[in-house]
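Below you'll find the structure, written out as structure tokens, and then a few comments.
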Amino acid sequence: MTGISLLLHLVSSHTSRLIMTGAGPARNDELVTAAYWALVAGALIQLPACLSRRASIYRITMALGGGIYLLMLATDVVLSLFQGSSPLSPVHLGDYCGIPAIMLAAALGPPVGFILALLMSAAAAIVNNHADTLMLQLLSVGHGWIVPLPFFVAFTLARSTARKLDTRISRVHRDTLREIRSRELRETETHFLAHIHDTVLTLLRAVGSGTLHADKEVILSHLSPAEISAGDAEIPVADALRDVHDVIAKSAPDTGITATGDFPKSGRGIPAQAVAAICGALAEAALNSRRHALTNERHCTISCVATDGEISGFCVDFTDEGVGFDPETVPENRAGVRVAITGRVSDTPGCSVDLRSSPGSGTRVTLCWRRDPGDPVESANETKQPALPPLFRLIGMYITHSPWFALATVAVFTGLSVVDESCVHGPAWVLGILALATSVFAVTSGTSEKLRPLPTVVVVLGVITMIVAGVSTGTSVISGWPAGWWAFAVQVPLPLLAIRCRARVALATLFVCTAILRVLEVAGFAIPGDAMVILMFGATIIAGSLVPLLVRRATAGIPVAVEASRIRSVGLSRDTARSSYLGESCRWVGELVRVILDESRPEADRRRDSRLLELRLRDSIRSPLLDRTALNRAVWFARSRGVRIALLDERSESFPRCRGTGGDPPSQATALDMVRSAAAEIIDAAVEGQVTVRLLPEGRTNLATVVSEVRGEVHYVTYDHEGRATTRRMRAGD
């Protein structure tokens, strides 16, 4: 944009005509010609930059093009100040100072670039207009600022806004990745614990009971991250139905099965992790029913919901007519209920579980999966990405399209017309100033990107009226600045109109004004100067039309790029979090298995410690807030001595986020440390009997209890939320 605009200004300039025709002061002046072509070169080097995608290339070429102009301007100013004249004066550097100033403003950025652009414009205007009085100097600076200011603001604020937007997007991006890692850790932990519960603990129990040879390689072969399903893939509906049938056939073969609903035979399937969670919970529920329900009346209903031919819901309802139970009284050491039925399903995206039972009324377990309407896949889609600012704010239109800017414009050009001795200050002058004010206030009205039709018409009529009235005042731009205020004033309302997405209207208005002046001239009216002179300001209008176009083109790809980057980053973050957690967890369990099942140890010790390791891992699964090194060590050795230990954590369910990190709820860390330390001391002191450590649910009066029973004597210790202990002694049965 800057290169094209500068070329248009140079080609349409007075200097260009003199050089091309060989007339005027530029004739045979090699310095002027060299300076002119240097400016052309500075404009041309901008054009190849558009072929590059690197922002640094843009900044370098803009800085180079603007720097060439700045060097010549500095030379011109210094020579004019110290010698009274400059050989570069015929180049009229001030006529096109705005574009190089925009280059430097865009290259350097705010605030340095903006300040330098203002200083360049002020210096160029004063020198170019040969202003020798304070009033003329002020008007020169005002004129030099009013015309390019919308472009200064657009480029500097667009860059500043882009940085702010980048910061906002980066912050949201980091928050999204943090949430993704947290969710992925929780989901991966659930999958890992389910795998440990279903596979490793079963093998350890088999080794401990003597039904399986104490071979560590058998267990280690199942401690690989590849063994644990990632849950990203989808499986066909028919395969999901087959999996449910297989689970029922193995766990409770006497169960009746009914399928209802519309089962799609093609299209998308069900996430594998959802099917695995539902089947795992169904197997646990069916096994529990066979063990505890005391009935053969069991039934399983499979239902499916389809939307537009695609599966959107899948439910399995398992019921029995057994003795039932109260779910509130289920001990926390029931890892099957806690992990396989409720925990694993609840932690699986899109899945839910409903467990209903009461004594004497049987049991119903409903396991459902429903596709998220906002699928594709990631729950990170719930994070709202920051919206791009509207164009009105992105390029600073709220500054340059404001009543204050309009007032400043009217003041500057009114001042120019007043100090112009060739201007006749009569009714035509008053009409021209009023037309200028009307057009400028109309083009700066409203806050929409595209100017509304009515103000657009007002701008067009105002500019035409100003031109006709202006030429009637007898002043012309070819007479030298400040003469021809009406022609210079065209550079404000029409470029602003182009920035407001009315470029064709602005250019058409310029051509209409030129045509009107030509018609008046042909009709015999005395037109001061060349009627075609205002056409050279078309370059400014074209530059204004490019501003919203380029900003839109530059920002159009941002949402797509942000989304693509988010998807890549989310995938990488999920994979990293998953592989890191599974790698560390599998290594940790694997090291325990290697130590316990070391071939150099006696067979009896390996089988005994396999049973202890199974209990140790069950404690980690069901009691995360009690999974600490000192307490684990005390429990291990106490069980080795024959002490029965039960760890019941009913509190961690109130703080699900603490499970993925292994951390304590922040407000209870100190009290929990005191409870765990005290429990470890009690367990270390126990040589026989039973010790039960229980963390109570959120909302209870006390934080925890530790009950130890030895030979009929019970020590009952309660801990409040400050970690203070209260001990009672009683006899068993009291």
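Placement of Cβ uses the backbone N, Cα and C atoms for every residue, glycine included.
Worth saying up front: this structure is predicted, and the values here are computed from it rather than measured.
Per TrEMBL, the features are:
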| type | residues | note |
| --- | --- | --- |
| TRANSMEM | 31-51 | transmembrane segment |
| TRANSMEM | 63-82 | transmembrane segment |
| TRANSMEM | 102-127 | transmembrane segment |
| TRANSMEM | 134-158 | transmembrane segment |
| TRANSMEM | 426-444 | transmembrane segment |
| TRANSMEM | 456-477 | transmembrane segment |
| TRANSMEM | 506-527 | transmembrane segment |
| TRANSMEM | 533-551 | transmembrane segment |
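When each of the listed stretches 31-51, 63-82, 134-158, 533-551 is scored by C-beta pairs under 8 angstroms to the transmembrane segment (456-477), 533-551 comes out highest. Counted over residue pairs separated by six or more positions, the transmembrane segment (63-82) shares fewer than 3 Cβ pairs under 8 angstroms with the transmembrane segment (134-158), which leaves the two as not touching. Sequence-distant neighbours of the transmembrane segment (506-527) (same chain, 6+ residues past either end, Cβ-Cβ under 8 Å): 459-460, 463-464, 467-468, 471, 490, 494-495, 497-498, 534-535, 537-538, 541-542, 544-545.
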